[in-house]
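A.B. asks: The structure follows.
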Amino acid sequence: MSFANTSSTFEDKMCEGNRTAMASPQLLPLVVVLSSISLVTVGLNLLVLYAVHSERKLHTVGNLYIVSLSVADLIVGAVVMPMNILYLIMTKWSLGRPLCLFWLSMDYVASTASIFSVFILCIDRYRSVQQPLRYLRYRTKTRASATILGAWFFSFLWVIPILGWHHFMPPAPELREDKCETDFYNVTWFKIMTAIINFYLPTLLMLWFYVKIYKAVRRHCQHRQLTNGSLPSFSELKLRSDDTKEGAKKPGRESPWGVLKRPSRDPSVGLDQKSTSEDPKMTSPTVFSQEGERETRPCFRLDIMQKQSVAEGDVRGSKANDQALSQPKMDEQSLNTCRRISETSEDQTLVDQQSFSRTTDSDTSIEPGPGRVKSRSGSNSGLDYIKITWKRLRSHSRQYVSGLHLNRERKAAKQLGFIMAAFILCWIPYFIFFMVIAFCKSCCSEPMHMFTIWLGYINSTLNPLIYPLCNENFKKTFKKILHIRS
């Protein structure tokens, strides 16, 4: 890893003694394997960068952090790994001090940028889950880019001690020109401090963030289950609409739910069929005004049937009044209310029209003559029912949008979990060994140290493989670029 540096493999005298023995033809198979890992790392990270650049679906704020991580991994695979292999097969560093400092700078900067990229990615996922509405206003590409630039800026601060350590501290007395190592390679306190700040502290914070993310997603899932248990789903509304139709045909049966219809499929209920528009989305229901005139009003349909009782002022139950009735019976009176409501939620507009139909008993007569008390209770009840139904629809719309958001965050949390798991498993062995060497120089084991270093480098190879496993858009784009048929 950057903080001890690849060349720290040969920092200690005990490790240096093993270095010459490793430079032999027997290293050829190892060099081939390590070179293959380097090439695969470069190829996969270039594939990720090209996929994000070419596919518009991947142009998201969250993927900007993935791009930052891929750039850091690309530097590791294209610069750090090859020069590590080159130094492994050489008996001494013969490429000059400037190239050595360049390699050390790339090692430290790229490795630190990789850690910080995972860290800010974790913070982004954490805020998206914990504060979805508040953070949504601030989660822009500009702010994400500024955060990424800040992470890379702090990573580039490593250049100061690498190039200018001798300006602040006296140079190491044992520094040799035939070795590629930093001026602070033997400063234990500085190495421990940088390891804590650049690895242990961010890793602990990431683990804490991820625990919070896991609990938040789990809490949202439980809340959604409880909400779905108390309110009907859209499919339940459709099933209950069928029950409402049957209730309208059978006297004495009441249905508490409205009928939610698709205008292009279901016929209207309680409306004059001749007045229906040919447009599958628009209808022209018949409306009876207070003066008894017949009107036609265009509107979008959302038919709601509810059986209402006839007001006492409209019913004359006595036999004398029945005999005095001079006009024919009116078996059905339709009170229609059309309302167009629109609400935008994630670029989707919900347009609803609600129609209230009241049916009287066939044996009930209504007297239109003078002195008749006209009750408006049916109309008021219809409007109240429209408000209740609208609240239900609005609640379901929010639940649907919340469900989409929850699914996205669940997948993002899963992707972050895999990235963090690979990161910790690959780098924790090196840093444990690094801390041991810092306190016990005689404990250096050359093969083990090299193994932990390259295990950390392999993390840059694994990251591009994690993205398509956890993101369907990445998977489809990779298949499209590589011409792989599903």
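The backbone N, Cα and C atoms fix where each Cβ goes, glycine too.
Sharing the feature lines straight out of Swiss-Prot:
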type	residues	note
COMPBIAS	241-253	compositional bias 'Basic and acidic residues'
CARBOHYD	Asn5	N-linked glycosylation site
CARBOHYD	Asn18	N-linked glycosylation site
MOD_RES	Thr140	phosphothreonine
MOD_RES	Thr142	phosphothreonine
REGION	107-112	region 'Important for agonist binding'
REGION	241-295	region 'Disordered'
REGION	310-379	region 'Disordered'
REGION	423-427	region 'Important for agonist binding'
TOPO_DOM	1-29	topological domain 'Extracellular'
TOPO_DOM	51-64	topological domain 'Cytoplasmic'
TOPO_DOM	90-97	topological domain 'Extracellular'
TOPO_DOM	124-144	topological domain 'Cytoplasmic'
TOPO_DOM	165-188	topological domain 'Extracellular'
TOPO_DOM	212-415	topological domain 'Cytoplasmic'
TOPO_DOM	440-445	topological domain 'Extracellular'
TOPO_DOM	469-486	topological domain 'Cytoplasmic'
TRANSMEM	30-50	transmembrane segment
TRANSMEM	65-89	transmembrane segment
TRANSMEM	98-123	transmembrane segment
TRANSMEM	145-164	transmembrane segment
TRANSMEM	189-211	transmembrane segment
TRANSMEM	416-439	transmembrane segment
TRANSMEM	446-468	transmembrane segment
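Help me understand the surroundings of these features in the structure.
C.D. replies: Within 10 Å of the Cβ of Thr140 (phosphothreonine) there are 11 other Cβ atoms, across all protein chains.
The 10 Å shell around the Cβ of Thr142 (phosphothreonine) contains 8 further Cβ atoms across the protein chains shown.
Long-range contacts of the region 'Important for agonist binding' (423-427) within its own chain (CB-CB distance under 8 A, at least 6 residues past either end) are made by residues 1, 115, 118, 199, 203, 455-456, 458-459, 462.
Mean pLDDT for the topological domain 'Extracellular' (1-29) in the predicted structure: 50.
Helix, strand and coil counts under DSSP for the topological domain 'Cytoplasmic' (51-64) come to 11 helix, 0 strand, 3 coil.
Helix, strand and coil counts from DSSP across the topological domain 'Extracellular' (90-97) read 1 helix, 0 strand, 7 coil.
The helix, strand and coil residue counts that DSSP assigns across the topological domain 'Cytoplasmic' (124-144) are 18 helix, 0 strand, 3 coil.
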A.B. asks: At a threshold of under 8 Å on Cβ distances, which of 65-89, 98-123, 145-164 pairs most often with the transmembrane segment (189-211)?
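C.D. replies: Between the candidates 65-89, 98-123, 145-164, the best contact partner of the transmembrane segment (189-211) is 98-123.
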A.B. asks: At a C-beta cut-off of under 8 Å, are there same-chain residues at least 6 beyond the topological domain 'Cytoplasmic' (469-486) that contact it? List them, or none.
C.D. replies: 47-48, 50-51, 54-55, 57-58, 411, 414-415, 418
